[in-house]
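Here you go, one structure.
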Amino acid sequence: MLQLNVIRENKDAIIEALKKRNSDAASLIDSVLVLDEKRRATQTQLDKTLADSNKLSKEIGILYKSGKAQEANALKEETANLKESSKDLTEELNTIATELQQALYLIPNVPHDSVPTGKSEEDNEEIFKEGDIPVLAGGALPHWELAKKYDIIDFELGVKIAGAGFPVYKGKGARLQRALINYFLDKNTAAGYNEIQVPHVVNEASGYGTGQLPDKEGQMYYMPADDLYLIPTAEIPVTNVFRDVILNEKDFPITHTAYTPCFRREAGSYGAHVRGLNRLHQFDKVEIVRVEHPSKSYEALDGMVEHVKDILRELKLPYRILRLCAGDLGFTSALTFDFEVFSTAQDRWLEISSVSNFETYQANRLKLRFKDEDGKSQLAHTLNGSALALPRVLAGILENYQTPDGIIIPEVLVPYCGFDKID
RNA sequence: GGAGAAUUGGCAGAGUGGUCGAAUGCGGCAGUCUUGAAAACUGUUGAGGGUCACACCUCCGGGGGUUCGAAUCCCUCAUUCUCCGCCA
């Protein structure tokens, strides 16, 4: 959520910047400013009324104490009007505040200057590419065929138990999943991220805190009996650790890593590209989250990108990095880099990580602040990224490391797996 | 799941209808003293709105109510603790 005072002071610049997202926010911003003004005017009026009635109440109290009940009763009558108008004003204020809040929820984050203009993922800018794309022998298979051939992932069994998009990993497939989780967590903690285990469900307040609500409720599994959501990403619980928190400057940087399963309804995204592991309702992911001083957050973002690169180099997977264009940028993000691994047998790139800086957008909703040098409260910056999402990494490994004799396990994972080949 | 108790500032803990945003202690910060530090002493120390700055307003777990007036009374929800039941 954008800050009101920032909108007030940079109205035109914000409208201009949001045009990059192909959203004309001008009228929305205008109505926010009108509502803001109305809110403050109403607040001032209410404050005055309350001040008057507080004053009267105090006088009544003093009169009673000094035994002047009659005079007190006379004053009581005067309060009736004040009470009436303060009730009306409170109602009015609540209405305006709610409208203002809802309008603010509809405004996405302002894209960073470096974000390229563009309408869709086709306009994303490739900024880096590394790793050799293997030349596979004849008869190379896509990962879902390999999964079947070696009996390591059973998609049909998942359908029976839960439904499409909930695969069952078996034998060496299950072991490889566990190896990847442990490897990622080890890499992240070695880089200084503090491991944390968090709930896999979140309440409504947490959903609003990181911006999934009210925007994306259709993408989350919701449990009405308990008013809880299954998490679509560890970003929500891990970042909400810092909801309503005031940090000291010396607490920066805050870094966490967490493994969680992720649940996504993926409503309406069925089609040709969802086969196998490409798009699931439940998948595993290891996330990294940072809370940073505003002056350090872009440096931190670069550090996260380098960290993810390092992992992919060790796995020896061909990958590229995209700078998302404004049209493809997430609602809450100011700048996002996507990592994609090349799926050789499918001949396409698969997104395996998304690393973003949200600047103060989430912090404003979370009320995540810190005391600066002058002792004033300021909003912190939040960032997060996948390091990494498992299924497509697994797809990449299966396809790129396949040989006629079986699938070779990347060297760095062998100690975690306890085997070096799936055959 | 049943019965009872509780929820106050960074922490501990007073406060049961009136000048209480809240005593006191600890912690934090600043100063005095000291070669330096500790101790001691003095001052200061919640968040938000509002204002050029004051004034002023809101917040004592969340929401609602009673009252001229609520941290204090009532209702409701949440959470925590104790006892019982069930259970990985």
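Quick reminder: no glycine exception, Cβ is built from N, Cα and C everywhere.
Not my notes, these are from TrEMBL:
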- A:T233, A:R264, A:E287, A:N384: L-serine binding site (BINDING)
- A:R264, A:R265, A:E266, A:E351, A:I352, A:S353, A:S354: ATP binding site (BINDING)
- A:175-415: domain 'Aminoacyl-transfer RNA synthetases class-II family profile' (DOMAIN)
Expressed to the nearest Å, what is the distance separating A:R265 (ATP binding site) and A:T233 (L-serine binding site) at their Cα atoms?
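Checking the Cα atoms of A:R265 (ATP binding site) and A:T233 (L-serine binding site) gives a distance of 12 Å.
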Could you state the CA-to-CA distance between A:N384 (L-serine binding site) and A:S354 (ATP binding site) to the nearest Å?
8
Give the distance between the Cα atoms of A:R264 (L-serine binding site) and A:S353 (ATP binding site), rounded to the nearest whole Å.
16
List the residues of the same chain that sit at least 6 positions away from A:S354 (ATP binding site) in sequence and have their Cβ under 8 Å from its Cβ, in sequence order, or write 'none'.
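Listed in sequence order: A:G330, A:T336, A:F337, A:D338, A:F339, A:G385, A:S386.
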Which residues, sitting 6 or more apart from A:I352 (ATP binding site) on the same chain, put a CB under 8 Å from its CB?
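Non-local contacts for A:I352 (ATP binding site): A:Y319, A:F339, A:E340, A:V341, A:S386, A:L388, A:A389, A:R392, A:V393, A:G396.
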Compute the C-alpha separation of A:S353 (ATP binding site) from A:T233 (L-serine binding site), stating it in Å without decimals.
12
To which of the binding-site residues A:T233, A:N384 does the lowest count of other Cβ atoms within 10 Å belong?
A:T233
What is the separation, in Å, between the Cα atoms of A:E351 (ATP binding site) and A:E287 (L-serine binding site)?
14
Tell me which residues of the chain lie with their Cβ under 8 angstroms from that of A:E287 (L-serine binding site), as long as they are six or more apart in sequence?
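Sequence-distant Cβ neighbours: A:T233, A:A234, A:E235, A:V238, A:T257, A:A258, A:Y259, A:T260, A:N384, A:G385, A:S386, A:A387.
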